[in-house]
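Copied over from Swiss-Prot, here are the features:
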BINDING   G607, P608, T609, G610, V611, G612, K613, T614  ATP 2 binding site
DOMAIN    3-149  domain 'Clp R'
REGION    6-72  region 'Repeat 1'
REGION    162-342  region 'NBD1'
REGION    557-767  region 'NBD2'
REGION    768-872  region 'C-terminal'
Amino acid sequence: MRLDRFDRSFQLALSDAQSIAIGKDNQFIEPVHVMYTFLKEKKYKSIRNLLIHAGSNVDQLYKSVEQVCNDLPRVESVDGDREVQCSHALVKILNLCDKLAQKYHSNIIFSEVFIIAALQSQDVLSILLKKSGIVKELLEKLVQYEQSNYSIHDDSFKNRTQILEQFTVDITSLAEQNNLDPVIGRDEEIRRTIQVLQRRTKNNPVLIGNPGVGKTAIVEGLAQRIINKEVPEGLKNSRILSLDIAALLAGTKYRGEFEERFKKVLYAVSKDNNTILFIDELHVMVGAGKTDGSMDASNMIKPKLARGELHCVGATTLDEYSRYIEKDAALERRFQKIFIIEPNIENTIAILRGLKERYELHHNVHITDPAIVAAATLSNRYISDRQLPDKAIDLIDEAASSIRIQIDSKPEDLDRLDRRIIQLKLECQALKKESDELSKKRLEILSMELSQKEQEYSVLESEWKRERSSLFDIQNIKSDLEKAKTILDQSRRIGDLAQMSELQYGRIPELEKKLFNAIQSSNKKMRLLRNYVSEVEIAEVLSKWTGIPISRILANEKNKLLNMETILHQLVIGQDEAVRVISNAIRRSRSGLSDPKRPIGSFMFLGPTGVGKTELCKALSQFLFDTDNAMVRIDMSEFMEKHSVSKLLGAPPGYIGYESGAYLTESIRRRPYSIVLLDEIEKAHLDVFNILLQVLDDGRLTDNQGRMVDFNNTVIIMTSNLGSDLIQKKFDISDYDTMKKTVLNVVNQYFRPEFINRIDEIVVFHPLSIKHLIDIANIQLKYLYSRLEERGYPRTGITNKALLFLSKIGFDPIYGARPLKRIIQQYIENPLSQKILSDDLLPGRSITIDVQNDNIVFIQNDVIDDKDIYIN
């Protein structure tokens, strides 16, 4: 027996078999050790595939061989000096391998020959091979073909297998090992795919759909059905290989190297009628590997697709299919389109329930059913630029991840105690150096507190560790249950009824009962940790994604909506009609009565300057989103020229800036829940109004990239100063009705009827009176009070007399409240800053703003007790 004649794979297998024999304390290397190595290690996958093609039930054979290996006699070695040698049976089989290689006129002994030699021997391995259902004649033909063609061709069975292992991923093998997520629903799409695959010609389906709808999942579902024998006879022995295009391209240094690799893959796939090639992102094939004058990958697969030699399934998106595949008519006609639509909310919930166990096992948390329903409904409502079920799955995944981080981190109560203990220890160390009585007394008090805190910490820490241990026990039980279910599926496939019975009626019910008891026990005892995902965590994650306040997502704002006018009036003074109109629109939207295909509301604010048009927009942004930053403010004076209109939607193709995002559409794509303020709308070019017609009517807009932008969750507010010149010249500012009629006439003359008719409400703001200005001044001064408080001046206030004095000086019916801000700066902020810098006003004491002899004065007191004072 010459080992140098064995191929590299066979030599490695013999070395691995020797290691297994040593590990199991066996005295000799037996043939079953070699077979166990072939079946166990992934690097010998070609042997496994050979056995499958020869009709062997590989799973059953593996279990039988493993059992025989475990039952072999053991001879334990204390010092490890015993040498393991080949048994007489193995030597006979190896000699027979040499004889068979000579019969096939081969100078090299391949590992595949070992199977024939083992089958012809009288060893126990021969019995196991025959029991597995192997067909001897078919095996000999396959090996003979391998041996006879090796020296001449490079396309032998073994080399084909190695090429496929290098450049593809076996999806059916992943399904067999239970490494794929379960595919729930999608029965119609999978059935349609099977139907196309069974056709005589054009049996190559291409799955087309938006990103995230589950195209790849359908192929995985098909692989699972193949493993479970739930497909027609023509597909029962098939396997699905996913093409790894990155592996094909990686390391291709020279021209033609990619084409050579790809041609080998195509040849290997076409030689096996039971192999289906899956090309994810099919559009990548168009242009892949193409250099000057050479063919790309798509042109290489066309002939094989046309002749029916290649069984192929593709997947791509709608946009990329139209951009790449449809342009090549010859390539398009060789595929049969299957459109994958987005599942509805009910189907998404079913999908999430099916995936629930996998995510629970991964994160070691419990995902409640309300969380699943919330993930499907909220993602559908608030995330408009992605598809179900992908966005709902991501919500569940991230929410479960946040709970897992909390479990792994130290609880807040424990962390607070830990920091307090460190602080007390530092103080005690410092006080030990002092010798006065006060320090000693303080040290005694701190030592008692430290002892108490350490005791509390010890109790809490032990409880935290116990709760964590309980959660990890649950995870281990879930993991064991998952493994048991996987083995049950494998036993069902190979028909091992004894093991099926043991698992189905013994092991699995026992683990399920154990899991139920562990969960019930942990729920009663949990105080520091929380191991379940609820709709609150889903809403928190969604709030971080979209910037929408969590209270709004969870619909906890009913009282807030009912009192919306009161809240807005705290910031906007004297505009009851405008506040009422805005509040009604928001309430209609929240109650679900408004048209879902239009913006929440579209308004035009008219009136003289300085009456609160822009301020109302800021107040609305604060009310809806708890921030002023949720407002997209566009100054329409920047769009007076015709060429500047393209900035709203983006530059057309061929122009500089085509790739960069548009101002309006890009802002809404990134933050779909916002207020769009179109300031001074009358200054915009007429083409801007043509764009706005579609937004106001349909709630959507298409940008220069062809992407649909959804405006259904925006509030569109346009402000205008139309008619303000007439107001200043002809009318008494207090005559509101006349002023409103005049302004509306001007608006109707300026804007086209189709634009006016699409606006929900046109609001003419009321002019401000001296009473309104007093309230506005008080609001403005509150911002000053907060800044003073930060500088160390608490409880700043102003007298009624001083407030009236400022309001009278700042009152101008033509300019509204804008002059008031300048008056506050001039009369209060400027002199106040001088006094602070000159130390006339000391920190830590209150400041009262008063008026004496028509001059503002600042009085500093320890306590303010004047009832005639506005206090922050």
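All residue numbers here begin at 1 and follow the chain in the order shown.
Glycine is treated like the rest: Cβ placed from N, Cα and C.
Structural mapping of features recorded in Swiss-Prot.
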residue: G607; record: ATP 2 binding site; Cβ neighbours (10 Å): 27
residue: P608; record: ATP 2 binding site; Cβ neighbours (10 Å): 23
residue: T609; record: ATP 2 binding site; Cβ neighbours (10 Å): 17
residue: G610; record: ATP 2 binding site; Cβ neighbours (10 Å): 22
residue: V611; record: ATP 2 binding site; Cβ neighbours (10 Å): 26
residue: G612; record: ATP 2 binding site; Cβ neighbours (10 Å): 25
residue: K613; record: ATP 2 binding site; Cβ neighbours (10 Å): 27
residue: T614; record: ATP 2 binding site; Cβ neighbours (10 Å): 17
Practice task
Tell me, roughly as an integer, the mean pLDDT over the region 'C-terminal' (768-872).
Solution key: 80
Completion exercise
DSSP output for K613 (ATP 2 binding site) maps to helix
Exercise for the section: Identify all same-chain residues not among G607, P608, T609, G610, V611, G612, K613, T614 whose C-beta atom falls within 8 angstroms of the centroid of the ATP 2 site's C-beta atoms; report them in sequence order. Expected result: F605, F765, G816, A817
Handout entry: Per-state residue totals over the region 'Repeat 1' (6-72) - DSSP helix, strand, coil
Key = 52 helix, 4 strand, 11 coil
Fill in the blank from the handout: The DSSP breakdown of the domain 'Clp R' (3-149) into helix, strand and coil residues is 101 helix, 8 strand, 38 coil
Problem - Helix, strand or coil at G607 (ATP 2 binding site) [DSSP, three-state] - result: coil
